[in-house]
Amino acid sequence: MLVGADDKSLLARFYHADRALTAVASELDSFDGRAEPVRCTRLVGRLRQGQDRVLAITNQIMDELLGEDRAARAFRAKFPEEVLQESLAGQLWFGAECLAAGSSIMNREVESATMRPLAKAVTKSLDNVRNLLREQCLRNNTPNSLTLRLDVNDAATEQLYESLKIFDRLFAEFELLYVSAMVQVKSKQEYEMQELICVLFSETLQRALKVGLLEQEQVDSYDPALMFSIPRLAIVAGLVIFKEGPLNMDQPADDISEMFRPFRKLLIKMRDLLRTLTKHELYQLEKLLCTNEEISLKEQQIICDGNEIVGGGQSPSAAPNPARDDTVVIVTTSATVNSSDNLRGQEPQEDISSFYTSNNRRTVDSEPNEDDDVSESNDEDEDEGEEVDEDDPANILKDALVTSDCASGYLIPNTNFGNLLQTNEAPLTDSFIATDEELKLASGAASSHARIEQILSESNQKLTDSGLGTANPSLDHSPELETERPVTSSHPIAQSSSSSSEEEGEVDEYDEDDSESTLCEPKPHHTKHQRRHRHHHHHHRKHYSKHRSSAAGSAGTSGTTCSAAERQISSCDTSPSSGGLPSECGSSTSGGSSGNSSGGSGDADAAQEVAMAIRAAGRIKFKTTENLLHRLFVCIAGVADQLQTNFAADLRQMLKSVFVINSSPPEPEDPPEPAANSTDKPKEPDPADLFEFRASEQDVITNSGGSSQSIYSAEEVNAEDPHDSVFGSPPGGASPVRASSAPRTMMTTAASSENGSVTVNVSVSVVTAGSGGSGSGSSRSSQERSVSLSETSIVVDGSGGNTEGTALLVPRESTPKSVQSEQSGQRGMMEERRMPEAPPRWIPDGDAPRCMACASSFTPFRRRHHCRNCGGVFCGGCSSASAPLPKYGLTKAVRVCRECFVREVGV
């Protein structure tokens with residue numbers, strides 16, 4: 001049976017494709033390719049195309065004949081997105097022939113030797129299938145048949161069926177091995193980890209919708225901004241909210257997904273800082289991650305401000321553990337001095353508060369105090385062996401000059417990540433979160449237990465020398481200052497089992513107790529005695545005091561133990577000139593703890609104390625909460641945005657699934673309206689047509705029925721419908737303004753007059769058509785203009801009953817203008833107020849296998865890029881230009897193709 005060239009059946013198409021492929025292969029074998037390299041290259045390209053066509057038709061035949069008996073290819077889910085192309089089958093066939101001929105994949109000699117027997121089996125099985133299909137084409141072909149009509153009782157048909165099954169199984173096995181050798185393929189464990197990350201993304205999105213960080217409308221419209229917001233919020237949620245999820249940094253590094261494994265150490269440091277944030281600070285950070293707007297706190301808050309700490313090793317709903325000791329964090333203090341030194345006299349009155357020192361850097365916040373003299377702080381740094389004289393306010397202000405932690409803006413392009421994206425082998429330096437001192441202190445605390453005992457003994461000795469152990473009450477009874485208050489953390493402590501946490505001296509839990517904590521505030525003395533109040537502050541990282549009862553002390557003595565490793569000066573001390581009387585005392589009273597503790601529990605408390613001091617050291621480094629939130633934003637956004645480059649295909653697939661899961665269910669379609677009423681109302685735009693932009697409140701007209709219709713241009717308004725207009729013609733022949741036929745309630749301030757009329761001044765923009773003549777029957781101009789009602793008043797007459805809802809546009813008394821000048825001015829105003837156009841639809845990646853400019857095929861190294869102006873798909877070279885697109889509301893430069901760049905910019 002002859003097979004015609006115009007036959008469209010599967011067997012006929014296979015027959016002609018196979019003949020063309022055989023002809024190209026025969027021509028390649030007829031000459032020496034090294035002698036004619038150009039001809040050889042051209043024929044090899046034709047050979048690859050012929051193989052693609054033959055295998056594509058063979059796959060269609062196997063789909064029809066084998067059906068559900070085809071070999072499973074679920075492993076393709078582990079392949080990178082760039083590998084799954086139409087030409088994959090042809091590449092596999094070409095690779096199998098090369099391996100069967102003795103060639104090897106470059107730098108993959110071992111894998112090539114392993115695959116060579118399978119490659120030979122694949123090529124042999126494929127040759128057998130081609131021969132059987134050619135025979136079937138000549139015996140059982142039905143011209144232009146849409147389906148295969150083979151004789152099931154024929155032995156050749158049964159042989160073809162079994163041969164196709166064998167080839168399909170061998171080809172699937174070879175596909176998995178060959179692709180795994182050529183590119184990095186996910187393991188089963190990694191695939192499951194990424195599924196868990198997808199679940200984390202979905203949980204994060206649902207939480208963001210619940211707390212109001214995002215809106216359901218953004219999800220339904222597939223807002224591109226969510227591509228960045230969801231991964232950023234997921235990092236925060238995975239570190240401090242869903243702590244047992246895929247971002248659990250306490251598990252071994254091998255159990256963390258490859259997406260976040262390079263940032264493991266950075267994520268650990270970010271987690272520790274996130275757990276010190278209050279709920280308000282965490283909300284501000286998440287809002288910043290969504291909007292990139294500047295942080296606006298209600299007041300200038302100190303670093304440790306707040307009674308609630310986010311995180312702490314357990315869920316926020318967990319109950320506190322009353323069996324633990326109480327933990328008091330002294331946030332900021334303010335000390336006053338009544339000094340009668342002859343050399344001082346009367347000096348400017350200041351109140352020094354929140355005095356933090358880190359590596360000889362100070363941040364001083366001064367507040368006026370009407371009753372007190374200058375505060376004095378004589379701070380000593382025994383580690384570095386230098387004294388700082390702070391009696392002179394000039395020295396204090398001079399030392400208060402501190403460089404900003406990060407001078408760049410909040411946007412990622414302005415930030416140099418430098419040490420941000422470091423691997424596990426290179427620890428971060430103090431330019432971001434941790435400092436070398438903290439790392440040394442952490443390693444020292446984890447390695448030397450004897451050092452802890454020495455620290456505690458030194459602290460107890462200092463407290464004894466300073467008179468902290470005395471039970472003499474303070475004689476001051478002045479009201480406490482607002483800037484000085486204790487904060488009790490409510491998080492239990494548990495030792496971390498992670499080796500990395502031990503190296504960095506990090507403990508994942510906090511102390512927690514139901515006990516009360518009291519702090520005696522400094523109070524001015526209005527007596528003839530000369531008293532000097534000295535306030536000692538901790539100079540290294542944090543103000544931290546913990547209630548510990550000394551075994552050698554009396555049962556009634558209440559004191560505070562501060563870690564000497566952090567050089568914590570106690571908040572209770574005496575002045576040399578005060579005769580030993582304590583001028584400031586901080587005490588902590590436990591609710592039910594014993595006064596004595598065993599040596600084992602003391603060692604554990606000491607280790608926990610040092611670890612907590614190390615944890616809070618990173619936060620004290622930042623002088624304000626805004627600096628801390630800014631730094632966390634830079635780090636979190638840097639990690640999340642880096643995923644857009646390293647795992648672009650995986651991230652797109654995850655976010656696509658998240659959008660599908662969390663999008664609103666489709667609303668039931670309304671019955672079609674009658675044709676007569678179809679022209680009365682402007683057509684509501686399809687949500688699918690709105691890619692990025694939504695109408696603002698000023699651009700939405702709300703009818704009495706509650707429906708919202710977005711007006712994007714003047715063409716959507718029917719200004720000539722007399723039945724739909726409630727406005728009369730204003731003086732001067734202006735055209736009637738279109739409005740809803742139903743009565744409308746306008747939420748503005750109205751002033752009523754004696755005759756019952758109401759004058760309403762509004763500031764909205766109404767689109768109307770310009771009149772071409774003086775009479776109502778005159779022809780109207782096609783040009784449209786916008787009338788600003790801020791220059792007019794709407795007078796509603798409520799006295800008459802026959803003209804319900806009638807309103808007139810009355811121009812205010814102003815300088816008379818001609819109609820032409822008014823039209824030109826209003827036309828310019830319309831251009832100003834015009835809504836941005838809807839951006840073009842993006843062509844799906846699957847519909848563009850080649851660049852739409854240079855026709856180059858996309859590969860794992862030549863990626864797709866969309867032009868924001870035309871929506872086309874281009875390679876990086878053809879879409880390297882950038883230009884702002886004001887017509888779409890894009891005021892910043894975005895990616896455009898070369899043709900659109902020339903058209904928009906004109907160069």
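Just so you know, the numbers here start at 1 and follow the chain as drawn.
Every residue, even glycine, has its Cβ placed from backbone N, Cα and C.
Keep in mind it's a predicted model, so treat the numbers as computed, not measured.
Copied over from Swiss-Prot:
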- Cys851, Cys854, Cys875, Cys878: Zn(2+) 1 binding site (BINDING)
- Cys867, Cys870, Cys897, Cys900: Zn(2+) 2 binding site (BINDING)
- 351-361: compositional bias 'Polar residues' (COMPBIAS)
- 463-475: compositional bias 'Polar residues' (COMPBIAS)
- 486-495: compositional bias 'Polar residues' (COMPBIAS)
- 525-549: compositional bias 'Basic residues' (COMPBIAS)
- 568-580: compositional bias 'Polar residues' (COMPBIAS)
- 592-602: compositional bias 'Gly residues' (COMPBIAS)
- 742-751: compositional bias 'Polar residues' (COMPBIAS)
- 816-826: compositional bias 'Polar residues' (COMPBIAS)
- 845-905: zinc finger (ZN_FING)
* Between Cys897 (Zn(2+) 2 binding site) and Cys851 (Zn(2+) 1 binding site), how far is it from one CA atom to the other, in Å? -> 11
* Out of Cys854, Cys897, which has the highest number of nearby Cβ atoms, where nearby means within 10 Å of its Cβ, if these are the binding-site residues? -> Cys897
* Write out, in the order they occur in the sequence, the residues of the chain not among Cys851, Cys854, Cys875, Cys878 that have a C-beta within 8 Å of the mean position of the C-beta atoms of the recorded Zn(2+) 1 site. => Arg850, Met852, Ala853, Ala855, Ser856, Arg862, Phe874, Gly876, Gly877, Ser879
* Under 8 Å by Cβ from Cys870 (Zn(2+) 2 binding site), counting only residues of that chain that are 6 or more apart -> Pro840, Val896, Cys897, Glu899, Cys900
* To do: List the other residues in this chain whose Cβ sits within 8 Å of the Cβ centroid of the Zn(2+) 2 site residues Cys867, Cys870, Cys897, Cys900, in sequence order.
  => Arg868, Asn869, Gly871, Gly872, Phe874, Ser879, Val896, Arg898, Glu899, Phe901
* **Cα-to-Cα gap, Cys875 (Zn(2+) 1 binding site) vs Cys867 (Zn(2+) 2 binding site), nearest whole Å** => 10
* **Rounded distance in angstrom between the Cα atoms of Cys854 (Zn(2+) 1 binding site) and Cys867 (Zn(2+) 2 binding site)** => 14
* **Among Cys851, Cys867, Cys875, Cys878, Cys900, the most crowded of the binding-site residues [Cβ within 10 Å]** => Cys867
* Structure fact -> Secondary structure of the zinc finger (845-905) by DSSP, residue by residue, totals 14 helix, 18 strand, 29 coil
* Asked: Do you know offhand how many angstrom separate Cys867 (Zn(2+) 2 binding site) and Cys878 (Zn(2+) 1 binding site) by C-alpha?
  -> 10
* Structure fact -> Mean pLDDT across the zinc finger (845-905) comes out at 88
